[in-house]
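Engineer: Structure in structure tokens, see below.
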Amino acid sequence: MPYNLKQLFQKHNVKGLSINSKTVKENDIFFAIKGQNVDGNDFINEVLNQAVALVITDNKKNTIIDDKVIYVEDVQVALYEAIEIFYPKKPKNLIAVTGTNGKSSVVSYIAQTYSLLGKKAASIGTIGVEIFGCDNLINDVPELTTLDYLSFRKIAHNLAENNIEYLAFEASSHGLNQARLGEIKVNTACFTSFSQDHLDYHHTKENYLLAKLKLFTRHLFKPAYREEFKGDTEHSTTAYILVREDASTGSTSKLLLEAKFGKMSTEYLLQGGLAILNSDIAEIEFVKDYLRNHNIKFITVGKKGDVQITKINGSLKAQNINFIFNNRECSFNTSIIGSFQASNLLIAALSIHYIGFDFNKIIEILTQVKPVKGRMERIGNTNIFVDYSHTPDALEKALTELKNVKLRDSRLNVVFGCGGNRDKTKRSLMGQIAARLADNVIITDDNPRHEDPKLIRAEIISGIEKADYTEIANREEAIKYGINNLKQDDILLIAGKGHENYQIIGDKKLPFDDAEIVRKLMSLRGKAKP
């Protein structure tokens, strides 16, 4: 049936939009969307009993007869239309980051750097919503790396309403594959790393990579061209119209450029978006060819990148990073450890520079950027680190970094497990990596969910072969064992959970925080600051 959403909003006094029957509120419009695992149409009767204003569905098989139920051709299209009416605003400058590892770090570095440049900025991702330059405005954020499109636009609208102009956010392969970013377009898109993960969902590494690449083909701004503006405006007598073709629809949009974005943003809008890639990705040549075939501009960062990292001097407390930019040797110091963080920091710097900020100023500011919670996070004044490394590549990088900076006669210890109901093929590989790089391996549980944790541990142990290991199911006891066996100058890495403050066992989500456990145990020993 024909419908006019604006009129429906007014007629039914709509207060909000919802796609989740568990969180729908009185006077919301509920959009009954069929998802990967759950069908919103199964909950129509339930939400009608919760005094929703309307239900919109495209399932013609529904037999529900109710004045509040409206049938449309495409419920997803109706939702997008409603979002544009209800949550039309978003920060003007958007940066998206994808990659197997490094997403959370890069979006945080971007938002922190903007803030240090005097701008109000925010980041969205695995850790949640971080806001810099004003009070935290966001509550009740769903726990997904990439939010559903409605949640994302609600948050983006809230940020824009509070004058936040700069937003960096994570784009996961699941989110990209499921089109959770809707029609969002970004100024720069970053690719931090690529290695095995999520094969339980994507099945093959090729599918996983192609899902990542959707960020660049679907969501990067396409190049635009100038069109003379006829007539004066209150903003500028030299203003002109920006004309941009939307590749997905073939339509064009016109924006009064200087009035809306300011002169600083002119050139990148005319040029289109930029892809910033880690040159150390094994599949980098495939990625570059793919982007060339789609006429997407890119720049690479890394040991063999356009921005070339030439030397890194690191310790347990800091590192000095040397690189070449525009044929000029540059360097900066950072308290963020791990050589892989060098490319993450420079990717963040380039994404901001592309929008128009001075590169030298950005590099000066990078020295003030702080580590991200649960990302090679050093606990107090100890040699104990908590890291989110839950993939083979991330675990290998974390252990390699610590092995390279430890004293010759000291030992490197690791506590880790693997998540249940996730990619099983990586478990033995992670066991193999731990046994090869660490002197002491402690296998424990990490969000077993609905799998038998003993079987998960056995799969990890199958990769260890003849190396020594200790198996302790209880994660707190495993951490305690690791701490108690540390000798002078030894290092302990607690891997897999990072920032997480829970342990998922079956359907229960129990409080658990690796860093807090360490602080508690070390405080009892009197050897760390709480």
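Residue 1 is the first one shown; counting continues down the chain.
Glycine is no exception: its Cβ is also placed from the backbone N, Cα and C atoms.
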Engineer: Pick from 102-105, 250-253, 446-449, 506-509: which range does Swiss-Prot record as motif 'Meso-diaminopimelate recognition motif'?
Structural biologist: 446-449
Engineer: Name the one residue among Arg422, Arg436, Arg519 that Swiss-Prot lists for the same meso-2,6-diaminopimelate site as Asp446, Asn447, Pro448, Arg449, Gly496, Glu500.
Structural biologist: Arg422
Engineer: What number of additional C-beta atoms lies within 10 angstroms of the C-beta atom of Gly102 (ATP binding site)?
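Structural biologist: There are 25 of them.
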Engineer: If you measure Glu500 (meso-2,6-diaminopimelate binding site) to Ser105 (ATP binding site) at Cα, how many Å is it?
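Structural biologist: Between the Cα atoms of Glu500 (meso-2,6-diaminopimelate binding site) and Ser105 (ATP binding site), the distance comes to 15 Å.
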Engineer: If you average pLDDT over the domain 'RPE1 insert' (221-269), what do you get?
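Structural biologist: Overall, the domain 'RPE1 insert' (221-269) comes to a mean pLDDT of 45.
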Engineer: Could you state, as a whole number of Å, the largest distance between Cα atoms of any two of Arg422, Asp446, Asn447, Pro448, Arg449, Gly496, Glu500, the listed meso-2,6-diaminopimelate binders?
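Structural biologist: That value is 17 Å for the farthest Cα pair.
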